[in-house]
Structures are given as C-alpha cells and as structure tokens.
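Student: From Swiss-Prot, here are the annotated features:
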ACT_SITE  265  active site, N6-AMP-lysine intermediate
BINDING   263, 270, 285, 314, 354, 432, 438  ATP binding site
C-alpha cells in the first residue's frame, strides 16, 4: 500500500479499468462507491478531481496544456523508443493510453531496461501523480515545454503499464470515463452518508459551491453538517438556473399562475458576473472563467452601485453604427486567446442583466423574483449604455404576451423568457423547472426552432466522406434518469471543413462500447462519451419506434424523432452535455406542433 494518508495510483487505475469496461450505470456508481470508501480522506479530493479528468474545478481554469506531440515525445523518451515508431503506433490505434501500455509492457519497455539495466519501479501514489500533473499545468514561460516533457517522462518511468494508460489520457484530457457530476454525488452520498436525504444536502451544497473535490474532502473529514453549511461566495460561481420551453402564450400564463415577468431572450452569451470592490470575475454557463475575453465587460460591471454582488446577464454583440443587436455567431470572435483588444474594438458588446443572486453578504436565492428585480434596478447605473437591465414587463394576458414576443423578435432577440413572480419564484440553482419558461418561435409543421443535442455515436462515411463520419447519432438529455436518449441521426448541414474537423473533435471521446448513460436501440459504428453538443434543426418532430427519447411516454413502443435533421453549423461549446435540450422540452415541442397542425387544418 501507499504511504499513510495516500492511495497507490494502481488502485485508481484498476477502478478506472472496471468503470471503462462497464455499460451499466449502476455498476459504474457501485465501483465509485467502493473506490471512495477505499480512499483515505487526505486524498479524496485529488481522487475526485482525477476521476473528473481535471486537477481543479472548472471555474479555476487549471489546464494541463499538453499537446499531443509533446506527450508522444515524452512517451518515446520514457520507453526508449524512436519518436517515429511511437507516432506510427499512435496513428494505428488512435489511443495514446493504449500505446503507452503496449510500449511499457513490451520487453525493453523503459529507458533503463532498454540499456539492459533491470529497474525496480517505486510505487506511484495518487499524491505523486497529482503533484506531477499540477507541475505540468503550472509550467510557463521560457523552458516550460521541457519542464512538461521531463516531468511527464519521470512519471511514466515510474508508472506500471496500466497506470501509464490513464496518466497519458488524463494529460491529454481524454480520460473517457464520462462520469457525470451527479453520479459522483450519488457515490459520495452512498460512501459517506448513506441516505437519500443526505444526497439532497450534498447536491444543494454543490449547486452553491460546484467543486466536487472540495465537497468530497469536507464530507469525508468533517461530515454532512459541514457540507450543509456551505454558503454562496463571491468568486465561486453557482450552478445557473435553467428553463423549460413552451410555444403557446395561454399555456405559459396558465403554468405561471396567470401572470409572469416576460423578458427579452437575447441571442448572446450568458454570464455570471462576480464583483468584489474593483475585482470582477466573469463565468460562462459552463462555469468557465471567461474574464480574459471580456475586459470591457469587467469595466462595465465595476460601475454597479454595490460593493459586492453576483449578477446574471447576457453579453450581446451589437453594431456600433446602428445600435442593432448582432447574432450569437458574431460574439464567438471575442473568444480569442490573443488580440483581445483588437476583437474588443471590432466586436463591441453590451450586457443586459436579468438577475441578482447575492449582494453584500446576503444570499438572495430564496427571495421571489419581483424582489430580486427591484434590487437589481437599484444597483444598475441609470442611463448607462453598456450595462443595462433586460427589457421586461409584467403580463397577464395571452395577447399582450404574444405582442411582447413579436416586439422581442423584431429587435433581434431569440424570443422571450417568461418567469414566475409569485411568492415561490426563488432562484433554483442548477435546476430546470416551470418557474422559468422559454417562449420561442412557434413550432408549426416545419420545425422553426433549433435544439441542442449531444453526439453519442457515429457512423463511418463512404465515398466522399470516407475517413470521417457520414452521420452522427444525436441524443437529448433526461435529467430524471441522468441519461442521454437518442432522437435522430444527422448527416446533413456539415461543410467539407466540418467533416474534416469531426474526427479531431470527436475521437478523443471514442469508447469501445455504448456509454452507460446512453439509452439507444440503434447500434452505432462508433460510440462516444456524451460531451459534444451541436445545434440541430429539422422538418418536424415525429413518433418513431427507433428512438428512445420519450419512449412509451406518448405512445406504447414509440419514442420521438426529428425528421430530416440538419446541423446548423453552430457548435455549442458553451454548453455542457447536461445543458442540452431535454426530453421534456422535446415532448412539449411535439405536443405544441401537433396542436398547431390541428388548428391549421
């Protein structure tokens, strides 16, 4: 065994191998429970981070930053092979982990063995692997590449073949276990608290403080009460509240108790802005730190009339000559790593704020929306043209709501967000519910609204598409079961450039069997960990015996499918797979489409 308070990395590698080989979600959770029970509390945080394929929570932005070429160089050096031989083997297999395992298992698999000297490898621990990976992530400036290579070489020389497989996959961000945060929460609750009530407490804490490593360590060392007492903190993003969708104004008002706050749904990038004095941090919908991309937005947020706050809004690109809002695609020019100042001048933005979650030491999530809106109105500077309140009005009539919706569309918005303003209109962190409802363009016989679906499988291309994917199997997310259910196979809408890019984009997520969280009747040629989200449009939503989305929910033996699906060209890198269109949204779209068709006939 490893040192006291540590865990041999081989134990982790053994569990990863078991998790990787199962297509059962329950088995995956059971393996995690067993792993967490075996892990000393001192390193439970590191085990959780490594299992997520990262070193720190998303919002800290710690990236390993190891390119494929650099990893291959390190492997060649560690195994005593020629770089070309290692590259050729990698081209054949496409899995650097498998290449490492093969090279380090083979006779002469290691530099000292290569020169005929037997070597006694010391046992690697989780702490040693984690520290080495952190050293690689933090290497910068002159000589950083050599530091990364040398650190990785030293790690691989001490690693057993199976350990090397997972170390290299981790380094390249290709662990491929596809374990959802919610599955880790299930396993932590079972391992350390053992009840459904405890699971709810842990999830609630996670929505306020989405750092699973930190929560795991707190739970293992100080217990459930310490986890339950976690508070919202400026600088740590909360999980954003999500919305359902409907397309009938009367039905929306009925769901929201007869009246609602209707608010423009801007075609921009959702942002959670944290202000503490003159310090401002910006986080995306995925909780990534995007402060660097928007130095102008940082300045706008500083103008808020408050010392400390967490506010939510939408960053929207606009035409400085006309003042008109520009579509989301224009905003993507702002996501550059370099020439940020140039992009800022070429693509100016405004921020439209729609919520406040925390202010001057007080959590506001339990306050109803109308009160939060009043607080927000007080802190936004009057007459400011860069940081503004979202355009909104209280409506209690279907005609008024429709008129407001048409006004929003004419001004370049996607539609309208309709929000409950009753006493129970709290801010539900991380939850999708009927307190917020998206009202977007009507789903007539042709599907005029897009959906965001997750790539779960692929089919080999033929002819012109040989060497890439001819079609992709797409799925919607079901939060009830934490699974991805298929809804279509899409092969149209991809440009030649897209097709060339698909293997590069998807192959890092390739796995040898259907992922445990994917529910599919269709057998794909290739399976992927659910990770990549694409925007899809189609002719209509129909019943289908082939797909599993809403299976048996509308008709026995049938699920929902999108007819004539087409990729719009928009990659939703801003969305985690769990933020994709849900099964319940597709059910509502189908019902709405059917109702509209009946009215038209």
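Here the Cβ of each residue, glycine as well, is placed from N, Cα and C on the backbone.
Are these features on the surface or tucked inside, and what touches them?
Tutor: Sequence-distant neighbours of residue 265 (active site, N6-AMP-lysine intermediate): residues of the same chain at least 6 apart with a C-beta under 8 Å from its C-beta are 408, 413, 414, 415, 416, 417, 438, 439, 440.
Cβ contacts within 10 Å of residue 314 (ATP binding site), excluding its own Cβ and spanning all protein chains shown: 22.
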Student: What does DSSP say about residue 285 (ATP binding site): helix, strand or coil?
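Tutor: In the DSSP reduction, residue 285 (ATP binding site) maps to coil.
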Student: Cβ-Cβ under 8 Å from residue 432 (ATP binding site), same chain, 6 or more residues apart: which ones?
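Tutor: Counting only residues 6 or more apart in sequence, the Cβ neighbours of residue 432 (ATP binding site) under 8 Å are 242, 243, 244, 479, 582.
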Student: So for residue 438 (ATP binding site), how many other CB atoms are inside 10 Å of its CB?
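Tutor: For residue 438 (ATP binding site), the count of other Cβ atoms within 10 Å is 20.
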Student: Just going by other Cβ atoms within 10 Å, which of the binding-site residues 270, 285 has the emptiest spot?
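Tutor: Counting other Cβ atoms within 10 Å of each of the binding-site residues 270, 285, the minimum falls on 270.
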Student: What are the non-local neighbours of residue 263 (ATP binding site), defined as same-chain residues 6+ apart in sequence with CB under 8 A from its CB?
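Tutor: Same-chain residues close to residue 263 (ATP binding site) (Cβ under 8 Å, separated by 6 or more) are 354, 390, 391, 392, 416, 417, 418, 419.
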